[in-house]
Ligand code: S3P
């Protein structure tokens, strides 16, 4: 489907905004509330398509989940309260839903089939199904349980120590959620620390974890205590778009209130500072066990940088829009150690590079990232999001500084994580 982008000429951006709730935290609040005993109230929940898929799946598993005003109320009856679904569980476009849910389902003795959309059908699930099978779950699917549809019959799990070759919070969380239901201790080790929302929220639900520099351990047989409130902060991955837009559109200044700045997610702030951005972090506080702040940024000419190593998992979802930023920075920006980009909603190395080349950027792909020389002027083109929300939004930001009118195909994909994205841009535009 093709949709024209009607972004009139933008001279500057200014204003104070909030961004939608954090996607990772919203998913976990519904899932953990569903397997806890007691009622969990979620405020600031992201009403994006991905998180709505999580609600739909857990309703199918027998959990009463209400939407009252601005709140989501989850009536958990404990993990044993989940019921065998009569229909297949459809996760839509959501990798977090499928991977974390597989960890929960692996401990349950009933039968389930899990599917998703055409992007999910291409994404590797073996990274979770292999360790989950080694814990004792019966999981089958195409390519040795690597690709959907997947069928699961769980139960009788035994704890394992899993050394993940990639820093992935989805893998870590999936195995920990199975470990919660396994005999003995389950440990997940990672090459770098991935986002730690699962650890923070499990602890808030009363679960004991052992957290070290290299990994996390959980003892099986613990139960989650509901009854609390989860206040979801604004998603830094969504804030990334107005942050970059403000940094590259001359004479701009924008304040974004109530953004989650968990250090395992806040790599973009480090990169912006390293590139010389005029960025202020203020009003730092804690909310439901997560650090939160207000971010103020002004336009300023930036310098190129290198993004690699432990920084990558701390900003993996922001790389498409950081590539747009790098086209406007002085010098050569190198993004490496980011092969994981190939396994996201699209192959984000290919989609970013191919589409930015169409707009005139000096960008080339490498095996594990991309190299961008800047600054270069960008020109209007017809670009395709390929149904990937973050690609659609990154190109809407590129369009702000491009000469002419860019057409973004399948731009409606933004609803996966930022339903009012285009309204936000319009509101900030002067
Ligand atoms: C997520 C983890 C990351 C991230 C994704 C959300 C999560 O994926 O890219 O958007 O909520 O745990 P990986 O765990 O595959 O790195």
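Including glycine, each Cβ sits where the backbone N, Cα and C put it.
For reference, TrEMBL has these:
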- 11-425: domain 'Enolpyruvate transferase' (DOMAIN)
- 23, 24, 28, 168, 170, 317, 344: 3-phosphoshikimate binding site (BINDING)
- 23, 95, 123, 170, 348, 390: phosphoenolpyruvate binding site (BINDING)
- 317: active site, proton acceptor (ACT_SITE)
Problem set entry | Where the record names 23, 24, 28, 168, 170, 317, 344 as binding 3-phosphoshikimate, the maximum Cα to Cα distance in Å | 19
Seminar exercise, completed: The answer for which binding-site residues (170, 317, 348) have a CB under 6 A from ligand 1 is 170, 317
Exercise. Just checking: which of 95, 123, 348, 390 have a Cα that is within 10 Å of the Cα of residue 170 (3-phosphoshikimate binding site), counting only these binding-site residues?
Worked result: 95
Problem set entry | Nonlocal residues around residue 348 (phosphoenolpyruvate binding site), in sequence order (Cβ under 8 Å, 6 or more apart) | 319, 320, 341, 342, 388, 390, 391
Exercise. Within 10 angstroms of the C-beta of residue 344 (3-phosphoshikimate binding site), what count of other C-beta atoms is obtained when all protein chains are considered?
Worked result: 20
Seminar exercise, completed: Minimal Cβ count within 10 Å, across the binding-site residues 23, 123, 390, points to 123
Seminar exercise, completed: Averaged over the domain 'Enolpyruvate transferase' (11-425), the pLDDT of the predicted model comes to 98
For this session: Based on Cα distances to residue 95 (phosphoenolpyruvate binding site), point out the closest of the binding-site residues 23, 317, 344.
Result: 344
Exercise. Secondary structure at residue 28 (3-phosphoshikimate binding site) (DSSP, helix/strand/coil)?
Worked result: helix
Exercise. Counting Cβ atoms within 10 Å across all protein chains shown, which of the binding-site residues 24, 168, 170 comes out on top?
Worked result: 24
